[in-house]
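Feature list (source: Swiss-Prot):
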TOPO_DOM  1-42  topological domain 'Extracellular'
CARBOHYD  Asn10  N-linked glycosylation site
CARBOHYD  Asn17  N-linked glycosylation site
TRANSMEM  43-63  transmembrane segment
TOPO_DOM  64-77  topological domain 'Cytoplasmic'
TRANSMEM  78-98  transmembrane segment
TOPO_DOM  99-117  topological domain 'Extracellular'
DISULFID  Cys114-Cys198  disulfide bond
TRANSMEM  118-138  transmembrane segment
TOPO_DOM  139-156  topological domain 'Cytoplasmic'
TRANSMEM  157-177  transmembrane segment
TOPO_DOM  178-208  topological domain 'Extracellular'
TRANSMEM  209-229  transmembrane segment
TOPO_DOM  230-369  topological domain 'Cytoplasmic'
TRANSMEM  370-390  transmembrane segment
TOPO_DOM  391-407  topological domain 'Extracellular'
TRANSMEM  408-428  transmembrane segment
TOPO_DOM  429-446  topological domain 'Cytoplasmic'
LIPID     Cys442  S-palmitoyl cysteine
Amino acid sequence: MDLELQDFYNKTLATENNTAATRNSDFPVWDDYKSSVDDLQYFLIGLYTFVSLLGFMGNLLILMALMRKRNQKTMVNFLIGNLAFSDILVVLFCSPFTLTSVLLDQWMFGKVMCHIMPFLQCVSVLVSTLILISIAIVRYHMIKHPISNNLTANHGYFLIATVWTLGFAICSPLPVFHSLVELQETFDSALLSSRYLCVESWPSDSYRIAFTISLLLVQYILPLVCLTVSHTSVCRSISCGLSNKENKLEENEMINLTLQPFKKSGPQVKLSSSHKWSYSFIRKHRRRYSKKTACVLPAPARPPQENHSRMLPENFGSVRSQHSSSSKFIPGVPTCFEVKPEENSDVHDMRVNRSIMRIKKRSRSVFYRLTILILVFAVSWMPLHLFHVVTDFNDNLISNRHFKLVYCICHLLGMMSCCLNPILYGFLNNGIKADLISLIQCLHMS
C-alpha cells in the first residue's frame with residue numbers, strides 16, 4: 001500500500017549520488033518537498049478515521065454474524081468470513097501507518113517495522129484480492145454444476161491456505177529490499193537530525209518495475225478478468241434457464257391454440273341475474289374446494305323441440321331419459337366436479353407466468369448486484385495501481401508539492417473497497433443479512 005509513497009522518497013533520494021558541488025548548488029532543500037497535504041491534514045485525519053472505523057466495524061459485524069452459525073456455514077460464507085478478516089488487516093496495517101508517514105514526513109516505528117510493515121500491508125491487500133477471485137470461481141462452479149456440488153470444508157481450508165501461501169510468496173521481496181535512511185545525511189541539514197525514512201532499496205530500477213508490473217497483474221488485471229468472466233457466465237446461465245422456461249410456456253400455448261382454437265373465438269354471452277349470483281357464490285366459497293376442483297354453472301334449459309323429437313328413432317327415448325335423469329341441475333346453484341389434467345392447464349400456465357416474473361425480477365437483481373461488484377473493484381483500485389505505474393516509469397509527471405496529496409486520494413479510494421465489501425458480500429446476501437439483523441438486535445438489547 002505504501003509503495004507509491006516510497007517512490008516519492010526514492011525520487012527524493014535519487015540525487016544522493018551527485019557530486020558535492022552539485023549538491024550544494026542545485027539539490028533542493030527539504031522545504032521544497034513541503035506538500036499541499038499540510039494544508040489539509042485535519043481533513044485527512046477525519047476522513048481516514050471515518051473510513052477506517054467504517055471498514056473495521058462492518059467487517060467485524062460480518063465475522064461475528066458468521067461465527068454465530070458455524071455449524072451451517074457454506075463454502076461462500078467461509079470465503080466471505082476470510083475476506084472480512086483480510087479487510088480488517090488491511091484497515092489495521094495500511095491506514096494508520098500510511099497516514100502517519102504522510103503527515104509527519106518520517107518513519108517513526110523503527111528499523112524492524114520498516115522491514116515487516118510493508119510486507120504485511122502488501123500481503124493483506126493481496127490476500128483480500130485473491131479471496132475475491134476465489135468467491136467468483138466458487139459461485140461459477142455452483143451455477144455450472146449445481147447437482148454435483150461436492151465442495152466441502154476441507155476444500156475451503158485448502159483454498160484459503162493456497163491464497164495465503166501465494167500472498168506470502170509474491171510479497172516476499174519487500175522485507176529484503178527495504179531500508180531505513182537518515183534524512184540528515186541525505187539533505188545535509190542539522191534540522192533533520194534523528195529523522196528517518198523507510199524506503200525501497202532495489203538493486204536496479206528494472207527490479208522495481210518488474211515487481212510493480214507483477215503486482216498490477218496479480219492485484220488488479222487478473223481479479224478484474226476473473227470477476228468479469230465469472231459473473232458474466234452466471235448471468236448468462238440464469239438468463240438461459242429463464243428463456244427455456246419461456247419457450248416451453250410458448251410451446252404449450254401454441255399447442256393449446258392448435259388443438260382448441262374455439263376457446264379464443266367464442267362469442268361473448270351476457271349473464272343473467274341468476275348467473276351473476278352463481279358467480280358470486282363461486283367466488284365466495286372457492287376456498288372450500290381443493291385446487292383440483294372447479295365449479296361451473298348449469299347449462300341453460302332448452303325449450304322442447306317437438307319436430308326434432310318426432311324425427312328421432314323410437315329406441316332413442318330410453319337413452320334420452322337416462323341422460324336427462326343423470327344431468328339434472330338445481331337452478332341457480334353451481335355444480336362442483338374434479339378438473340381433469342388437461343382442463344387445469346390454464347391454472348398451470350398462470351402459475352408458470354407468475355414464477356417466470358419472479359425469476360425475471362430475481363435475475364435482474366442478481367445482474368445489478370454482480371455489475372456493482374465489478375464496478376466497485378475496478379473503480380476503487382484502478383487509481384492506486386495507475387498512480388504506481390506512472391510514478392515508476394516517469395516520476396516527474398507529478399510535482400513534489402502535490403505528490404502526497406494525489407497519493408492520499410488514490411489510497412483512500414483503495415481503502416473504500418474495504419468498507420464496501422461488507423455491504424456487497426454481506427448485507428446484500430440474504431442468509432448473512434438475516435444473521436446480521438438478529439446480531440444487531442441482540443447488541444442493541446444488551
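Cβ atoms here come from the backbone N, Cα and C positions, even for glycine.
Among the recorded positions Cys114, Cys198, Cys442, the residue whose Cβ has the fewest other Cβ atoms within 10 Å is Cys442. Note: the stretches the transmembrane segment (209-229) and the transmembrane segment (118-138) are in contact (3+ CB pairs below 8 A, sequence gap of 6 or more). Only residues 6 or more beyond the boundaries of the topological domain 'Extracellular' (99-117), in the same chain, are considered here, and those with a CB under 8 A from a CB of the stretch are 2, 5, 33, 35, 37-38, 41, 44-45, 48, 93, 175, 178-180, 183, 195-198, 404, 407-408. Contact between the transmembrane segment (43-63) and the transmembrane segment (370-390) is absent: fewer than three CB pairs lie under 8 Å, with pairs separated by 6 or more positions in sequence.
Beyond the ends of the transmembrane segment (408-428), by six or more residues, the same chain brings 1, 4, 37, 44, 47-48, 51-52, 54-55, 58-59, 61-62, 65, 80, 83-84, 87, 90-91, 94-95, 98, 102, 125, 128, 135, 369, 372-373, 376-377, 379-381, 383-384, 386-387, 436 to within a C-beta distance below 8 angstroms of the stretch. Spacing of Cys114 (disulfide bond) relative to Cys442 (S-palmitoyl cysteine) is 42 Å (Cα to Cα, whole number). Cα separation, Cys198 (disulfide bond) to Cys442 (S-palmitoyl cysteine), rounded: 45 Å. Across the topological domain 'Extracellular' (391-407), DSSP classifies residues as 8 helix, 0 strand, 9 coil.
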